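S.K.: My questions will all concern the structure given below.
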Amino acid sequence: MMNICLFQRYKPLCLSSPGLSKGVANGGMAQFQEMMRQQLESSMHAELEKLLDTSTGAEREVSKKDFEGFKNIFHRFLQVKGPSVEWIKIQRPPEDSIQPYDKIAARGLPDNVADSLNKLVVVKLNGGLGTSMGCKGPKSLISVRNENTFLDLTVQQIEHLNKTYNTDVPLVLMNSFNTDEDTKKILQKYTHHRVKIHTFNQSRYPRINKESLLPVSTNLSMTGQNSEGWYPPGHGDIYASFHNSGLLDQLIAQGKEYIFVSNIDNLGATVDLHILHHLVSQPNGKRCEFVMEVTDKTRADVKGGTLIQYEGKLRLLEIAQVPKAHVDEFKSVSKFKIFNTNNLWISLAAIKRLQEQKAIDMEIIVNPKTLDGGQNVVQLETAVGAAIKSFDNALGINVPRSRFLPVKTTSDLLLVMSNLYSLDAGSLTMSPKREFPTTPHVKLGSSFTKVQEYLTRFESIPDMLELDHLTVSGDVTFGKNVSLKGTVIIIANHGDRIDIPAGSMLENKIVSGNLRILDH
């Protein structure tokens, strides 16, 4: 038996065949690889048909559409012969392809802001669960500020726009099969708000066995062993699923021209009237079809995707595409100074055109997973920003850091719940009482990971207006009205517990055990 390697994007995928020697001898290695690819594709198509035969009616039709997309990504996955970028071809983007936000804002706003807003649709990526923060159900339903959830804040922001300018900006939620049911139940509470809410679902793709490259599910159901057999294929799926849902055509028919897309857990991603005006005021021939908001990299963002010029096009470069020898260079803040916030402004007409031409090209992200039973599987995913190279007149806008305020952990949650931010009409803004515009670095230990446990450890959220750095590790609780300033490090060793008394003021302190052991 001999081995042959089909190259995935990042590592060789080795397949074995007892008749390989004969195949190679008769037709050459390349021909044999192509034969193996065709065989794998044929086997996959047969398995997908078997899966479709396990259901009828609407579920079968939806899955059939989803599988068309999956066949396409699987075909491309088998074709890939090496890294998606040649490092030597990477160039810095031309000066005018990434514009400073101040330059865009300096143009001011027109008298008819409402006309621009009526061409806009806000889309929130709502496919994720709150499991990483110890919560069941959609992440968008976690309370983040004054009992308001991510979804509440989003609805308040858009309603405020619609009331202020007498407009009709709708909200569209891209759900996944993980979040759709729970989200739809909660939407009833917004019936009397001045914002129309639409939803559509991401595709549902089959996880594939890492060895056989065939689906692990035996039928289309989501129950029992099959529940682990499916996944939503990353937010790059927005283009196909939005188009397939019929909602894209519906919104175009209503005169909508642009979508503003962002992650629902990015509390900085509010509608920016200056960027919107820049888009709708361009002459027709020069219309910008895609804007990516980027912001300056800090050491905390070294893994974030960046914009490059590649083969004459603006392109998103993710760390997963970088050859190992160049990873340190990619992380360098001096060479790659900006990263993608995943706040994107995209032309609806362009999405329709490119979808119909099947011309949206996104790199495949190969995501290996291990299921509960120990089985190794692969998920094939794409990222929404990777499509930038398919659109005409694409542009990066270097926005203030305040437009990137993601809440991924309870450390992030502590920041947005604190007096560092004030809340107005669903939007969080840095308190004017904070002398420095940068956010403090907060690192809470494993005792704080789950939201419920985190909440029990704070009788009230500390005053953090003058905080630079906070590290907390071990069994630590905070009383009411605690104030934290400068650099504060609190470490409870195993078996110890530290209770910070109500009314305490910790400024440049290291606390360990029950003793404050070092003042700075």
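Glycine residues also receive a Cβ, built from the backbone N, Cα and C atoms like all the rest.
According to TrEMBL, the feature UTP binding site maps to LYS139, GLN202, GLY234, ASP265, LYS408. Residues annotated as substrate binding site in TrEMBL: HIS235.
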S.K.: Checking the spread of the UTP site as listed (LYS139, GLN202, GLY234, ASP265, LYS408): what is the longest Cα-Cα distance, in whole Å?
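M.R.: Spelled out: the longest distance between any two Cα atoms in LYS139, GLN202, GLY234, ASP265, LYS408 is 21 Å.
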S.K.: Using other CB atoms within 10 angstroms as the count, which residue among the binding-site residues LYS139, HIS235, LYS408 scores least?
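M.R.: Taking LYS139, HIS235, LYS408 as the binding-site residues, the minimal 10 Å Cβ count falls on LYS408.
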S.K.: Out of GLN202, GLY234, ASP265, give me whichever of these binding-site residues has the highest number of other Cβ atoms within 10 Å.
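M.R.: That would be GLN202, with the most Cβ atoms nearby.
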S.K.: How many whole Å apart are the CA atoms of LYS139 (UTP binding site) and HIS235 (substrate binding site)?
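M.R.: Spelling it out, the Cα of LYS139 (UTP binding site) and the Cα of HIS235 (substrate binding site) are 15 Å apart.
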S.K.: Out of the binding-site residues GLN202, ASP265, LYS408, give me the one sitting nearest to HIS235 (substrate binding site) by CA distance.
M.R.: GLN202
